[in-house]
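The structure appears right after this line, and notes come after that.
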């Protein structure tokens, strides 16, 4: 673990040799300015290696047990990825060459290990899915360690270790860390770019911000605005900033345009296309629903509980410390607080103003929520020490009664939220796994093809990686949903052929629907309700046989607070469940797999 700025400048620190050429060199550095800030002598903290092991354990848990929380992940990333790997997959309108909003370069860079693994070992597709997720877990853990070390350097060891704990146990990081989404990739890049910024590695910060903006999500460039402000207006490094912007464009954007253009069969600059659609089109993302102003407030509390609320109060807490606590001037080597935490509030302000809100839109700033929550807790400790203690060697020696209960409660709430997500919503993943199990055990008849059908449960389909082989096809049944569903890529030149019956206005395309009589299997949620377009297939015992039944939380009949956090006894007593069912057509003689 590198020493923090405060440790490097503290004349009493036992970790610094005060004589010799190395110390003299540090004294002459522009970032090594002597201060009388609080001594961090004697603090215990995890090393980078220890932090990595802890984070990797948490992220592997996410890779294995977190369900897919957003159908955009399935249909815009796993499905095109499945097509690139196996030549079969569902295509959304965003991947039509007519619109070309998505980048194949992003998919290819993410799937390189999967291509190699599949070519060498030809594993079961389900194993490939979890292999890819575990790689995302490793990548996220490495980025988190770099971020943790940079926070220790910029804000001190105490803030760093609280941030680490918040990262480990928050439900938000559990959900986002292994999601195959550009917003998750941008979250990785946020940790690297902000970490590089805190380390004063400006060239690296600019380059990584460009990777995030070009390769994954153009809007992630918003996080780099404070870095640009620092370089252009504070450090006056206009030439360096311009140089690295040009280098980034030549290394990232130009090859990306070339690759995407080859796949689409025409010149494509995907980042510009998605910006034009979301910002300048007459309809844009609002077609997919709008949410009230408090959506992110409620969602933030679910994913980070009191950490999120604390993060919202960080600017006020820092100002209170500045006014109430007699502290020396902040080390000039440190960034101003108003700048170093600005990316979070800039992001929240912009996205809260958008009518169309989704949970994944906040993924890129999830680590910053943990950081700002830690800063608020640290500020509360300082204020408490000033008001109620007043004397003593250091505020940390007298405020453990604040930090330990807070960390314990927030961690416990995070774990209970994770358990609620798993126990309530993991059924679709387990249900589709049954198909691979039945296929491996030889419990399926010899047919040239199998149709697995979904009606109202189309958006919980976890991807074609859960279908045993290429003889299986997902078929949509008409339901109450009135939007546009994806369709299969053309088998030949699928990325460059303009598919018919696709639009960018989310208008229903009836050509997507199949006939229920052609279904061999059907996946449906039974909550005891039905309609003409959404019948209770499980009750049609003359047509269907139950193969697998898994409890699934009935959100309509369960209190919001009961379903939000898993509390033993209260959950079992008050949570209402439906059944997530895998049905087989009676016309088939299929034996369910052995439990």
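Placement of Cβ uses the backbone N, Cα and C atoms for every residue, glycine included.
Note that TrEMBL annotation is computational and uncurated.
What TrEMBL says about this protein:
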REGION    1-21  region 'Disordered'
COMPBIAS  7-16  compositional bias 'Polar residues'
TRANSMEM  127-147  transmembrane segment
TRANSMEM  159-185  transmembrane segment
TRANSMEM  205-229  transmembrane segment
TRANSMEM  293-321  transmembrane segment
TRANSMEM  333-351  transmembrane segment
TRANSMEM  363-381  transmembrane segment
TRANSMEM  402-422  transmembrane segment
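Counting same-chain residues at least six beyond the ends of the transmembrane segment (363-381), those with a Cβ under 8 angstroms from any Cβ of the stretch are 144, 147, 151, 155-156, 158-160, 162-163, 166-167, 170, 172-173, 176, 179, 181, 183-184, 186-187, 189-191, 194, 212, 217, 220, 223, 300, 303-304, 306-308, 310-311, 313-314, 317-318, 320-321, 341, 343-344, 347-348, 395-396, 399, 402-403, 406-407, 410. For the transmembrane segment (159-185), the residues of the chain that approach it from at least six positions outside its boundaries are 4, 43, 45-46, 51, 54-55, 58-59, 61-63, 66, 68-70, 72-73, 77-78, 81, 106, 110, 132-134, 136-137, 140, 144, 147-149, 151-152, 212, 215-217, 300, 302-304, 307, 359-364, 366-367, 369-371, 373-375, 377-378, 403, 407, 410-411, 414-415, 417-418, 421, judged by C-beta separation under 8 angstroms. Note on the transmembrane segment (402-422): residues 65-67, 69, 162, 165-166, 168-171, 174-175, 302-307, 373, 377, 380-381, 384, 563-567, 571 of its chain, located 6 or more positions outside it, place their CB under 8 angstroms from a CB of the stretch. Residues 103, 105-106, 109, 182-183, 185-186, 189-190, 192-194, 196-197, 241, 244-245, 247-249, 251-253, 256, 271-272, 274-275, 278, 339-340, 342-343, 346-347, 350, 364-365 of the same chain lie 6 or more positions beyond the ends of the transmembrane segment (205-229) yet place their CB under 8 Å from a CB of it.
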